[in-house]
Amino acid sequence: MVNFKRKGSLQVLLLCFIVLLILTPFIPLVLASITPLLKWPQIFPEDITLRSWTYVFFNNPDTWVAVWNSFIIAIFVTVINIALALPCAHALARMKVKGKVLFQGFIYAPIIIPPFISIMGMHTTFISLGLTETIIGVIIAHIIPTLPYMVRALVISFSTLGNKYEEQATMLGATRSMRVRYIIFPMILPGVITGASLSILISLSQYLITFLVSGGQVITLPLLLFPFINGGDQAIASVYTILFSILAIGVLFLMDLFLKKFYGKSVPISFVRRGSV
């Protein structure tokens, strides 16, 4: 009993330490957002003002336009990534073909090579196709740095899944659509959620690619944040940083909630029908 209580106390202390570690970076941001300027060795603000919060949430209409554009772009990028990555990851995980290593290197290249290099080459093509300064062009540009993460997450899921569950379901009479619905999709869903989370977060944080392709015409949160960082208004920059962090954490929370609700439902076993092929 004593060891159990001691173990529980250590777990609580560890949890508190982790929470404190996560919240620590936000403390300077909150302090910087309510004071014009903090100078060393000053820790707490002397003059508290909500000027920056009022400006960001009420006086600047571009804020909510940027939030909307950022989410729309991130969602479309993620959906397109899933559609492109599913067959690609399935082939990389299941099929044995010559040159697969070379193909993997090509797919994962944007993780190693800065995507800015690729975008510079595509920018001329975007101009000729009329995709610059458009949200469609930004969506296409965001696919380059995000697609490799989706492919990698799904490759791991397909490799872990293997073929044995599908073979057993086939022997029990499950059709192809049933195997996809009740076996493949539930088993690879964590990989889809992981890849989707990375796609959304990476897309939300793109500044240089968005600015280069859109020419500043498609406003996103990074495009609002960076000028205030460079301009020296740390209070407004801090508020935008907090807003961006809340949105990113909210995305992860929604993904986790979706997974819990999905796996909380009982999977029907009625797909096993005699005589079905």
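Positions of Cβ are set from backbone N, Cα and C atoms, glycine also.
Where the annotation comes from TrEMBL, it is an automatic prediction and has not been curated.
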Transmembrane segment range according to TrEMBL, out of 35-55, 182-202: 182-202
Residues from the same chain, set at least six apart from the ends of the transmembrane segment (66-89), whose C-beta lies under 8 A from its own: 107, 135, 138-139, 142-143, 146-147, 150-151, 153-155, 157-158, 192, 195-196, 199-200, 203-204, 218-221, 223-224, 243, 247
Touch test for the transmembrane segment (135-161) and the transmembrane segment (236-255), at least 3 Cβ pairs under 8 Å: no
Sequence-remote partners of the transmembrane segment (182-202) [C-beta within less than 8 Å, at least six residues beyond its ends]: 74-75, 77-78, 81-82, 85, 142, 145-147, 149-154, 156-158, 160-161, 165-166, 169, 174, 248, 251-252, 255, 258-259, 262-263, 267-268, 271
